[in-house]
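According to TrEMBL:
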DISULFID  86-113  disulfide bond
DOMAIN    58-115  domain 'Sushi'
DOMAIN    163-362  domain 'VWFA'
DOMAIN    406-607  domain 'Peptidase S1'
SIGNAL    1-22  signal peptide
């Protein structure tokens, strides 16, 4: 039997979950452009860019010239324009023209110059896309009342409604394997988007010569993610038969018609709903009218001026384009995508496999205000996760930037509580809070979701008047629930929580730890405040090691992580802090202090930081 030495509840702490990724463009240019191209200064003798440029008289800052490009335009006053042209052999991605706006900012984003067979890296695309979509969808304030993070633009409505239109190219150039990869990538995208705290509906179309409906936003239960995923998995690319041209116009026109129906039938919500259009294609439009003619109609329908070269003010519309492969018409796709300041809406990927990588990594570090968001990183074997979320090591020396100020033991914790029944150590209420000096929520530290709080209620998409009991039933709804903990401070381990009809058999394994001369029953040693975990002959799981006590027992729901207990003790000492993990025996069991019975005590100390449910 192994016991805790010190158990600290970890949801009150913040921990490093990932590293800040590099700036989206810089590394790409450094690697792919700078080595192969001369700069605009070397071509023109330094006459294109001006370090001063009459700065005192200018309204906008010098917009600069991206690597591999030439710029014309030397005046930076309001309504002045600068134009860009990529050097020979390079394709431009982004606006070729930018205007100095009344806000004294340049329209759109800086263009990029690409070699013909160069592509964006999936991790960088995921970071840029995730950051932009976070700006679109991060509608809820952080549950930590004292934290005020500026995340750029957000939805301006209280409830936060979002329509997501996904257009998948299924033309003749798309092989069955590529279509399957694209479909699987879309499944991952839907799952990731479902983690945002927004009322979301989906409309998904496969398009070739004609658009084929997968999910309709006007007819189907398009807000039911399980339904959307089922329809996606059922859809076959063979539905198009021999009609395998590329008609992006008709696919976009269908989006326009769907939006028109929504406006006609649900006018009260139409002006309160944001719309995201995501297009994945590997080629040129070779059928139907030009797809560019549809976007002005969509913008007009939403109340925007169709002729604007900058779409930053279009807060209810974002158009993203994923150009997959080497044969795409970049110029056409740029004219379709949104052009917004400091955001990217066009991405070039090598193949559809990389599209899946993008969507799988898409939850960005910009989303740190939301609880339970983790950067999932698989190791090379793609079998285990390398990320160690919500695990901290506490040093009382205080040499770090964050100091532990106070230890608050649960008042009912009494190690000798069953001494009269010959139980040497009793671990009921084996939990404590550590009050830390200020920790800034950032890309390196974020909160896990704590049940029975407002942030968890939003993450679970429950009604505002939901109860703590509803959270418990939703999170612990099976007799065997997959969960995880951090073993030896190094890796994430899988286990199973035994509840309901399987709880009694699980806690009965603790009988072996009770001395023969003790008069205590199993239910007295393992109180209702403990969750019991372990495996079986058929389902082997990992067990906690000596020293893991105090860590978080957590599980995932709707792509968000919730702490349900604190690791306390186990029936067998299988491993230590640095010893190899031995093979689990079927009878080994671990016990953890559930957070649900602790809510009154937690509220007593955390009600100024967290919003607890009534």
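Yeah, the Cβs are placed from backbone N, Cα and C, and that goes for glycine too.
Unlike curated records, TrEMBL annotations are generated automatically.
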**Prompt:** So for residue 113 (disulfide bond), how many other CB atoms are inside 10 Å of its CB?
**Reply:** 24
**Message:** Can you break down the domain 'Sushi' (58-115) into helix, strand and coil residue counts using DSSP?
**Reply:** 0 helix, 23 strand, 35 coil
**Complete:** Taken over the domain 'Sushi' (58-115), the predicted model's pLDDT averages 88
